[in-house]
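Pulled from Swiss-Prot, these are the features on record:
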- S13: phosphoserine (MOD_RES)
- S75: phosphoserine (MOD_RES)
- K127: N6-acetyllysine (MOD_RES)
- S173: phosphoserine (MOD_RES)
- K176: N6-acetyllysine (MOD_RES)
- 240-261: region 'Disordered' (REGION)
Amino acid sequence: MSRRYDSRTTIFSPEGRLYQVEYAMEAIGHAGTCLGILANDGVLLAAERRNIHKLLDEVFFSEKIYKLNEDMACSVAGITSDANVLTNELRLIAQRYLLQYQEPIPCEQLVTALCDIKQAYTQFGGKRPFGVSLLYIGWDKHYGFQLYQSDPNGNYGGWKATCIGNNSAAAVSMLKQDYKEGEMTLKSALALAIKVLNKTMDVSKLSAEKVEIATLTRENGKTVIRVLKQKEVEQLIKKHEEEEAKAEREKKEKEQKEKDK
C-alpha cells in the first residue's frame with residue numbers, strides 16, 4: 001500500500017503520513033546508542049562507538065561526539081555523512097551569531113535554527129530528509145545547563161535524560177527509573193550512563209574502546225567540554241562491574257538467609 005506514497009518526500013498517504021520521514025526515523029533506530037543526562041553540576045553525552053579499528057588515530061577521530069562552539073557539543077545517531085553536514089551547519093550558525101551580536105548563541109536558538117533546515121527538507125521536492133537525530137548539550141546565561149534532542153522531521157525538545165539510536169526505548173525506561181531529579185551529580189550521571197549502556201548495547205561485555213563519553217561543566221566562569229580518555233572510561237566500567245558484583249552477592253546472601261529461615 002505504502003509504495004504509491006513513498007517515492008517522494010512531499011506526498012501524504014491517505015492516513016496523513018509522510019513515509020520518507022518515517023523511514024529516516026527507522027535509519028536512526030539501527031544506529032549506535034547515544035544518551036544524554038542532565039545533572040546539577042554539568043551535563044554529559046555517552047555514545048556507542050561502532051567503528052573501532054586499532055589503526056584509527058584517536059586525536060583526530062570522534063565518531064559520535066562533536067564540539068560546536070565554546071558552550072555546546074552534540075552527539076549523533078544515524079547516517080554519519082548527513083551528520084557531518086549538519087554539524088558543520090551548526091558551527092556556522094553559531095559563529096555567525098557570535099560575529100553579529102558579540103555574544104555566544106543561546107542553546108535553544110541554535111537547535112531551532114537547525115530544526116528549521118531539517119523541517120524544510122521534509123517539504124522540498126526531489127530532496128530526502130536528513131537521516132540523523134542529534135542530542136545537544138550546552139550552557140548559556142539564560143537557562144544554565146541544557147539537553148536537547150532533535151529528529152529528522154524537525155521536531156525538538158528539552159530533556160533531563162534521553163536516548164536515541166538502537167534499543168533507545170529500553171534505555172529511556174531505565175533512565176526514567178533511575179534518574180533522581182534534583183539529586184543528580186555529574187559523578188552519579190556518569191555511573192548511570194555506564195549502567196544503561198551496559199544493559200542496552202548489543203555486546204556481551206562493555207569495553208572502553210566501544211564507548212565515547214563527553215562532559216560539559218563550568219569552571220572559573222568558563223564552559224569546559226571534555227571527552228573522557230579511554231583509561232577514565234575503563235575505570236568507570238570497572239567501578240560499575242564491582243558494584244554489580246557486590247549487588248549480586250548481597251542478593252544471594254539475602255536469598256540464602258530467607259531459605260535458612
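Even glycines carry a Cβ here, placed using N, Cα and C.
Not measured: the values here are computed from a predicted model.
Structure coloured by features recorded in Swiss-Prot.
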{"residue": "S75", "record": "phosphoserine", "contacts (Cβ under 8 Å, 6+ apart)": "C34, G36, L45, A47, K64, I65, Y66, L134, L135, I137, A214"}
{"residue": "S173", "record": "phosphoserine", "contacts (Cβ under 8 Å, 6+ apart)": "none"}
{"residue": "K176", "record": "N6-acetyllysine", "contacts (Cβ under 8 Å, 6+ apart)": "A161"}
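Under DSSP, K127 (N6-acetyllysine) is assigned to coil, being neither helix nor strand in the three-state scheme. Between the C-alpha atoms of S13 (phosphoserine) and K127 (N6-acetyllysine), the distance comes to 18 Å. Residue counts for the region 'Disordered' (240-261) by DSSP state, with H, G and I taken as helix and E and B as strand, are 21 helix, 0 strand, 1 coil. Tertiary neighbourhood of the region 'Disordered' (240-261): same-chain residues 191, 194-195, 198, 206, selected by CB-CB distance under 8 Å and a gap of 6+ residues from either end. The Cβ neighbour count for K127 (N6-acetyllysine), using a 10 Å radius and every protein chain shown, is 14.
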